[in-house]
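Quick notes on the structure that follows.
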Amino acid sequence: LVIFTKTSVLMTHSFLFYHLSSSTCISAMKSELNRNYTEVTEFVLLGFITPPQAQILLFLVFLLIYMVTVVGNISMIIVIKVDSRLHTPMYFFLRNLSYLDLCYSTVIAPKTLANFLSKEKKISYNGCAAQFFFFALFVTTEGFLLAVMAFDRFSAICSPLLYPVHMSQKVCAQLVTGSYTCGSINSMVQTGFTFSLRFCGENRLDHFFCDVPALIKISCTDTSVNEIVLFILSALIIVTTTTVIVVSYAYILSTVLKIPSTRGRGKTFSTCGSHIAVVSLFYGAVFFMYAQPGAISSPKSNKIVAVLYTLVIPMLNPLIYSLRNRDVKDAMERILRR
């Protein structure tokens, strides 16, 4: 282990030395080439380059997705808030998940919809920075919240007698606050590094919102450090949260298999089915987008995956939880009858 650690450290230093030494020459050449360019004060979001008729069709599709997202997540928040039977830790976390889905889809969707009907498709420099900051905040927080929800299921299934202690109201509030804190730290670091870059001359982003890969691609300064920071932070967040999720479900599976009744096993594990589906969709998209080394060089693939996790997943989450959850369906029926 010591040899492996020393080798890893040596390889990391060599990798960083290579990038930083080459970055000096690249920075010098770029600064010489871009000396006559003025600083960028606004960006053009190219979005989806299609004929005008297709733009209208995409506008209608995105509008429908966003409307379903808003209605679904607001309904979930109201149902959990109003029905006292859903005032449990699991639904407390689910309500926060719906809030995050609503927030980060709202950060992206309105501007995207407006750009479908606009010829200029512009966003100011400060508007771009604000959009990216809040998007990174809500998406990162959701990743940590999904890990918290896995731990909640682990506590409920593997330690049912101690569950009220492990998941008291105070502990639940602290876990949600911790998720937001981690999201804020990542968002501030990513925004600080990204918008410390210089953008001169080229201001066209090959994306439908302000995101790191597209911004790095058009910068006129060396971006090797930013790429390393993006990869390390994304990998660290994904590894940390997925480890919590995988370990939690490993213990859950071990506990469920010890239940003698087949019906009992199915009933116990069914409470985790919705969460597993949401985790698979979310982490699959985020890993493809940020945690693979070649992600920055494939803008077309990035846009397709970005649609999945910025608009489609926030729409699907309330549907998955409401259709697969008997408690939520019963609560909705009671509210409608009132």
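Cβ atoms are placed via backbone N, Cα and C, with glycine included.
Tertiary neighbourhood of the transmembrane segment (56-80): same-chain residues 48, 50, 86-87, 91-92, 94-95, 98-99, 101-102, 105-106, 109-110, 112-113, 116-117, 311-312, 314-315, 317-319, 321-322, 328, 331-332, 335, selected by CB-CB distance under 8 Å and a gap of 6+ residues from either end. The feature transmembrane segment is assigned by TrEMBL to 56-80 (among others).
Under the heading domain 'G-protein coupled receptors family 1 profile', TrEMBL lists 72-321.
Summarising the annotation, TrEMBL assigns transmembrane segment to 128-151 (among others). Distant neighbours of the transmembrane segment (128-151): 42-43, 90, 93-94, 96-97, 100-101, 103-104, 107-108, 111, 175-176, 178-180, 182-184, 186-188, 190-191, 194-195, 209-212, 215, 237-238, 240-242, 244-245, 248-249, 275, 278-279, 282-283, 286, 309-310; these residues of the same chain sit at least 6 beyond its ends, with a Cβ under 8 Å from one of its Cβ atoms.
Annotated transmembrane segment per TrEMBL: 228-252 (among others), in sequence order. Long-range contacts of the transmembrane segment (228-252) within the same chain: residues 16, 19, 140, 143-144, 146-147, 150-151, 153-154, 157-158, 182, 186, 189-190, 193, 212-213, 216, 269, 272, 276, 279, 283, 286-287, 290-291, 293, each at least 6 residues beyond the stretch ends and with a Cβ under 8 Å from a Cβ of the stretch.
TrEMBL lists 272-292 (among others) with the feature transmembrane segment.
If you look up TrEMBL, you'll see 304-323 (among others) marked as transmembrane segment.
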*Residues from the same chain, set at least six apart from the ends of the transmembrane segment (304-323), whose C-beta lies under 8 A from its own*: 62, 65-66, 68-69, 72-73, 75-76, 94, 97-98, 101-102, 104-105, 108-109, 135, 139, 207-209, 211, 274, 277-278, 281-282, 285-286, 288-289, 329, 332
_Checking distant contacts: for the transmembrane segment (272-292), what same-chain residues at least six beyond its ends satisfy Cβ-Cβ under 8 A?_
97, 139, 142-143, 146, 149-150, 153, 157, 212-213, 230-231, 234-235, 238, 241-242, 245, 249, 252, 301-302, 305-306, 308-309, 313, 316-317, 320-321, 324-325
